[in-house]
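Working notes, structure below.
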Amino acid sequence: MAVGFASTSEATSYKGGKITLFLILSCMMAAMGGVIFGYDIGISGGVTSMEPFLRKFFPEVHRKMKEDNHISNYCKFDSQLLTSFTSSLYIAGLVASFFASSITRAFGRKPSIIIGGAAFLAGSAFGGAAVNIYMLILGRVSLGIGVGFANQAVPLYLSEMAPPKYRGAINNGFQFSIGVGALSANLINFGTEKIKGEWGWRVSLAMAAIPAFILTLGALFLPETPNSLIQRYDTHHKAKAMLQRVRGTAQVDTELDDLMAASILSKIAQHQRPFKCILKRKYRPQLVMATAIPFFQQVTGINVIAFYAPLLFRTIGLGESASLMSAVVTGFIGTSSTFVSMLIADKIGRRTLFMIGGAQMLISQVMIGGIMAVKLGDHGSVSKGYAYMVLVLIGVYVAGFGWSWGPLGWLVPSEIFPLEIRSIGQSITVAVSFVFTFIIAQTFLSMLCHFKAGIFFFFGGWVLVMTGFVYLFLPETKSVPIEKMDQVWRQHWFWKKIIEEERLDCMDDFKNDELSSKTLAIDQ
């Protein structure tokens, strides 16, 4: 039994397509949706370690950090109000993602990307001008709406525009953009922390407007995906013209036929509620992955590093400036490793990267937890040598995430859904991601206070579980055309037992309902 493996040799191969300049420019602009997400992740972690920001909005946290010598090293930043600043974005994003699902399905991917950019632009204005905690949180909510729309639409856009052979590289551009945004934010935080007058944090928050403006303006000129054009229009001519332009060839009939067949099923399925449709047995593998993958992505513990890296570095004894610089270093490592993933994901496959990254993250987390448990303690400090060893190990951990669960956590869910459930499926993925991002962001500082060094063993345990899950239950999806993805589930050792070939699908149910209605009308 080849555990977790499915052959892709029977998958349809589309000939003649190539990477065109039109495709590259379109995907680069759409991927700016990842930049705004990454910028927010990086900027929120940095400003919450800046003393002027803490004094203004979280004075109790600042007092504990500077004056309380009796409190544990692990508890200095334990504040539900402080974590609410970070986590409020994800509640807003959770709600927004479901509105985005309807808009993406009914009006296309492009309008959702525009709305996401505009909402993020408004949130950056509120954040930069905030004079009290309420205005600060309002800005975070607006940012969350922007991220919710962008995260729902952009991965779909990239997967639908990409040729099957290069879908991994192109979709991984979303996570690469997240890394670029986070790295840019870390660099900006490092610079603004040195601004005299205690207003550097305002610059950090307000500069989120730059990527948001670029995304909003650029999205106005984005082409719509061929899949969306077929889904929303009765004629296939617009979709064929777009497909020819994107692929750089007139020979697109095979791919167009697959898109049209998927669109027919999608339009028939619209007579049912999309959520009811995705609950059907034939879509059980996709539903499980849409839930499990974003859950596992969050319990890797990556957002502990992303949100609170400067606070964590201060916990082990680094100063404010050194902590921000350390966050820059880890951000650069994460971005570089994601770029590596873009180059190799379509060559060695998704499963292999998941395995390598999982082992790397597990080993580094266990070592970090061990060093902090033995050397830090509640009131002591670690030597510079051990502090930098922790920094190196965090870099190893971030690199493992950067070429595995980071990009693949967005890539795999976006490529496995058939067209009729693609929008709701992506919304479920984003919603689950936001729910558990919120939970981790809201509880981490309390968990750090109570678990202490054990927090790294906690997340390491989850990494072990998720690596086993991938080995057993995730088939390989590289190079499989997105409209032929159902084949990998039917060839998988476990999922083929779940999917019943004879079971009525959405189309059959609709036809039966329609037949029943006609029969009833005749009887009457």
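Cβ from N, Cα, C; glycine included.
Nobody curates TrEMBL annotations by hand; they come from automatic prediction.
Across all of the domain 'Major facilitator superfamily (MFS) profile' (26-478), the predicted model scores a mean pLDDT of 85. What TrEMBL lists as domain 'Major facilitator superfamily (MFS) profile' is 26-478.
Marked as transmembrane segment by TrEMBL: 21-39 (among others). Remote same-chain partners of the transmembrane segment (21-39), defined as residues 6 or more beyond its termini with a Cβ less than 8 Å from a stretch Cβ, comprise 109, 113, 116-117, 120, 146-147, 150-151, 153-154, 157-158, 161-162, 170, 173-185, 208, 211-212, 214-215, 218-219, 221-223, 245-248.
Tertiary neighbourhood of the transmembrane segment (81-101): same-chain residues 40, 44-45, 48, 57-58, 61, 112, 115-116, 119, 133, 136-137, 140-149, 151-153, 274, 307, 423-424, 426-427, 430-431, 434-435, 437-438, 441-446, selected by CB-CB distance under 8 Å and a gap of 6+ residues from either end. What TrEMBL records for 81-101 (among others) is transmembrane segment.
What TrEMBL lists as transmembrane segment is 113-135 (among others). Away from its own ends, the transmembrane segment (113-135) comes close to residues 30, 32-33, 36, 40, 57, 81, 85, 96, 100, 103, 141-151, 153-154, 157, 202-203, 205-209, 211-213, 215-217, 219-220, 222 of its chain (Cβ-Cβ under 8 Å, at least six residues beyond either end).
Annotation source TrEMBL lists transmembrane segment at 200-222 (among others).
The annotation transmembrane segment is assigned in TrEMBL to 287-309 (among others).
Positions annotated as transmembrane segment by TrEMBL: 321-345 (among others).
For the transmembrane segment (352-374), the list of distant contacts is 300-301, 316, 341, 344-345, 382, 386, 389-390, 393-394, 396-397, 399-401, 403-405, 408, 452-457, 459-460, 463-464, 466-467, 470-471, 474: same-chain residues at least six beyond its ends, Cβ to Cβ under 8 Å. As annotated by TrEMBL, transmembrane segment applies to 352-374 (among others).
The feature transmembrane segment is assigned by TrEMBL to 386-412 (among others).
Under the heading transmembrane segment, TrEMBL lists 424-445 (among others). Residues 77-80, 82-84, 86-87, 90-91, 93-94, 97-98, 100-101, 104-105, 148, 151-152, 155-156, 274-275, 277-278, 286-287, 290-291, 293-295, 297-299, 301, 303-304, 307-308, 311, 409, 413-414, 416-417, 455 of the same chain lie 6+ residues outside the transmembrane segment (424-445) yet bring a C-beta within less than 8 angstroms of a C-beta in it.
What TrEMBL records for 451-474 (among others) is transmembrane segment. Listed by sequence, the residues of this chain that lie at least six past the ends of the transmembrane segment (451-474) yet keep a Cβ under 8 A from its Cβ atoms are 3-4, 72, 74, 288-289, 292, 296, 299-301, 304, 350-351, 354-355, 358-359, 361-362, 365-366, 368-370, 372-373, 376, 378, 405, 412, 444, 492, 494-495.
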